[in-house]
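TrEMBL annotations:
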type	residues	note
SIGNAL	1-28	signal peptide
DOMAIN	85-435	domain 'Peptidase A1'
ACT_SITE	Asp103	active site
ACT_SITE	Asp316	active site
Amino acid sequence: MDLRRRLWFLLPILLSAALLIELQLSTAATAPENLVFQVRSKFAGKREKDLGALRAHDVHRHSRLLSAIDLPLGGDSQPESIGLYFAKIGLGTPSRDFHVQVDTGSDILWVNCAGCIRCPRKSDLVELTPYDADASSTAKSVSCSDNFCSYVNQRSECHSGSTCQYVILYGDGSSTNGYLVRDVVHLDLVTGNRQTGSTNGTIIFGCGSKQSGQLGESQAAVDGIMGFGQSNSSFISQLASQGKVKRSFAHCLDNNNGGGIFAIGEVVSPKVKTTPMLSKSAHYSVNLNAIEVGNSVLQLSSDAFDSGDDKGVIIDSGTTLVYLPDAVYNPLMNQILASHQELTLHTVQDSFTCFHYIDKLDRFPTVTFQFDKSVSLAVYPREYLFQVREDTWCFGWQNGGLQTKGGASLTILGDMALSNKLVVYDIENQVIGWTNHNCSGGIQVKDEETGAIYTVGAHNLSWSSSLAITKLLTLVSFLIPFFCNIAL
C-alpha cells in the first residue's frame, strides 16, 4: 500500500504527552481511530551541576536525525529541568506494558527482548519488562520475504524463509540488533470530548537481542524506542498504512504551566501557517531565510544554514536546546547582548553562557526566525533564557556541537523554541506549521469518519517515584539513530 496516498476516511489520533504512553489500536475496525497515551520524562529538577547532561543527551540523540491519540504528559520544557521522554505502550496477548522513548528522528519501534545480551536489567526510572514472544499468543516472526523487511534490512543478507534481522547504529558507538516481530499493540481510543475507549491492532517492531554502549546501561534505562520518522517502517506510517490514522501529528508544549498535547491526525483548531519540508532531507527540515533580533535583521551569509545534504533547519521536539553554526551563533549573541553590556558572562560546564541578573526578562529582545511562505517563529526571552539559581540565568542557544558525518554543523530548533506553540507535522502534504497557542487550553481535532470535532485538553501528570515529576514535559523524540548505511 502506498503510504503517501490520502486516507480520507481515517480518524485523527491524538497524543497528549507525559512520558508514559498507552497505545491501543483496532484490527477489526473499518475506520481509523483516536487513541490515548501516557508519557513521562526521563529527567526532572536539573540544576547547574546537571546542565551537561542536557547537551550530552542532545549530542547522543543527534548522531542521526531523521485518527487522533491523546497522551497525558509529565514534565516541562525548561532546560534546567527536562531531558528525555518515554511512553507506556501495551504489546502482546495478554497485553504487557512497555516504556519506550518517543523519537521523531528514527523509523522503527523496538523493545528489549527476553534473553537479550547486555540489555539493562533495572532502571532508576521504571520497572523494565523484556518482551517475550513465546508468552504472547498473537506474536509472529517476520520473514525475509516480507516487504517490511526491506525497509529495515538494507545491508545484511536475508534469505527467504529466514527471520528478518535489524541493526540500528548510534553515533556514540551504541547499537541495538535483533529480529522483527508482528504482534498486537494496545491503545486508548478517543471517542469524544475528553472521552476514551479501548482498541487494538497489529504492528511490526524490533525484538532486541543484543545492545551495546549506552543502550546497555541501567541508569535511566527504558524498554526501547518508538520511531515517529517519515519512513514506511515508522510507528505512524504503519498505523497510516492500516487506515488507522493520517500521516500527520502535532504537539503543543506548555512552558508556562507545564503539560501539553501530542496528537496524530488532523488538527482543525487552532489554524497554523505552514512552510514546505525540504524534500531531500531525512529529517523534519525547513528552509530558514532570516533571523531577526528585536527589530534588527542579522547579516548572515546565504549558505549559513547549509550542511551538505542536510540543508535548512531541523524542527525537532526531541532536542532540548537550540543548536546553531558559529556563523549564526556569534552574531546572534552579539546582537542580543548589545543592549546589555553591563552583564558579566561566565561559562558553565564548557557549554552554557550564563550571567547574574535580577531584573525583568522582557528587557531582552525577541528572536524571530523567518521561513518560506512568510512563516515566522518567535522565541521570547522567557523561552531562550533559563534560571539555574535565584540570581543566575543561562542562554539556551548553543554553538556547534551537533554535526553531520562530514563535519558540517547542524541547525536544530528544539523544545526551547517550540514551546507555547502548536506545531503540526503534515507528512502527507510535506509541510510543517505552527502558531502561538495557550497549550493548557487544548486543541480540536476532526474525526474523518463522522466529521465530528473533538476537544483534546492538555495533561499534567505526576508520578510518585524518586524522580517525582511536578510539571509536564514536552513530548520528544530521542536519539536519532541511523540504520547501518544511513548517516549524517
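Note that Cβ sites are derived from N, Cα and C of the backbone, with glycine treated the same way.
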Nearest-integer angstrom distance between the alpha carbons (Cα) of Asp316 (active site) and Asp103 (active site): 9
Model confidence over the domain 'Peptidase A1' (85-435), averaged pLDDT: 87
Local Cβ density at Asp103 (active site) - other Cβ atoms counted within 10 Å: 29
Cβ neighbour count within 10 Å of Asp316 (active site): 29
